[in-house]
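Pulled from TrEMBL:
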BINDING   38, 83, 223  Mg(2+) 3 binding site
BINDING   53, 54, 131  Mg(2+) 1 binding site
BINDING   130, 131, 156, 225  ATP binding site
BINDING   226  Mg(2+) 5 binding site
DOMAIN    36-147  domain 'PurM-like N-terminal'
DOMAIN    160-256  domain 'PurM-like C-terminal'
């Protein structure tokens, strides 16, 4: 190993260690993209398969006190589909591993599958296998396989300094919905309902991902699962660049500022660190922003191309505040293994 790992690992440490330990472990034939991106890409015959996996655990990713089994099934499917969207892939097949407490009810299992299959059918994906096991908490792990048919897969590691940093839609809605639900507020409240929907039933940008990949105008792309600050920091690290974000350009979700006031939070913090928006984060030449916005409107009428900053030759991710202040934001999103649980 290149260096001694710290005594206690955070999520980024584990990912780096996994990449280091698996590098060269076995034949690389057919591995076009390995550890470190939204999905692996395997060359099989004349096809390029994008393969991703994502897990959700009760008490960590969801709470059945406010999320129905159908919501849970939908969310785990959406998280995996969003990874395929970031690669510009078309979903095809899925495998589910399901951990259940003893004595699961038909309503629980049927609800989970109803949520997964509703979203899967929308995008032409079929579940074709998996496994079940007894577990101390409800646990769902999906592995999805898609086809990269729109062109070469879009990676995190191909961004260049000077490019625009863009997102595909409003930020902070999922975090706002989670905060509202966690506070025990009414999910049907007119102001909060869109944010609650965004948290419980996120909609991955698959059509947009394919359109952007096919355009040939991208520098790099990934999905926003852990928050803009952390995910952009990962993209920058993979590409060897830095970034400057502008607070004035952040597309806050509708109602986020008002909801933040009601629950004692900060809407800008939700946009930067909240996570699970499952929008796309991508870079492009400054002169291509308008053309990509036109393509986005055609591919996904609900999406947008919003420039939020630019890549730099330095290191780190910096936020230019409304008052002109400059603050490093970097890897400040959700981390499963930090002592504070955030």
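In case you wondered, yes, glycine gets a Cβ from its N, Cα and C as well.
Features per TrEMBL, on structure.
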residue : record                : Cβ within 10 Å
38      : Mg(2+) 3 binding site : 26
53      : Mg(2+) 1 binding site : 15
54      : Mg(2+) 1 binding site : 21
83      : Mg(2+) 3 binding site : 26
130     : ATP binding site      : 14
131     : Mg(2+) 1 binding site : 10
156     : ATP binding site      : 23
223     : Mg(2+) 3 binding site : 26
225     : ATP binding site      : 23
226     : Mg(2+) 5 binding site : 21
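Across the domain 'PurM-like N-terminal' (36-147), DSSP helix (H, G, I), strand (E, B) and coil residues number 35 helix, 47 strand, 30 coil. The average pLDDT for the domain 'PurM-like C-terminal' (160-256) in the predicted structure is 97. For the pair formed by residue 225 (ATP binding site) and residue 131 (Mg(2+) 1 binding site), distance between Cα atoms is given as 25 Å, rounded to the nearest Å. For residue 83 (Mg(2+) 3 binding site), the binding-site residues whose C-alpha atoms fall inside a 10 Å radius of its own C-alpha are 53, 54, out of 53, 54, 131, 156, 226. Sorting the domain 'PurM-like C-terminal' (160-256) by DSSP state (H, G, I as helix; E, B as strand; all else coil) yields 44 helix, 17 strand, 36 coil. In this structure the C-alpha atoms belonging to residue 38 (Mg(2+) 3 binding site) and residue 130 (ATP binding site) are separated by 21 Å. Residue 156 (ATP binding site) carries neither a helix nor a strand DSSP state and counts as coil. Here residue 53 (Mg(2+) 1 binding site) is positioned 12 angstrom away from residue 130 (ATP binding site), judged by their C-alpha atoms.
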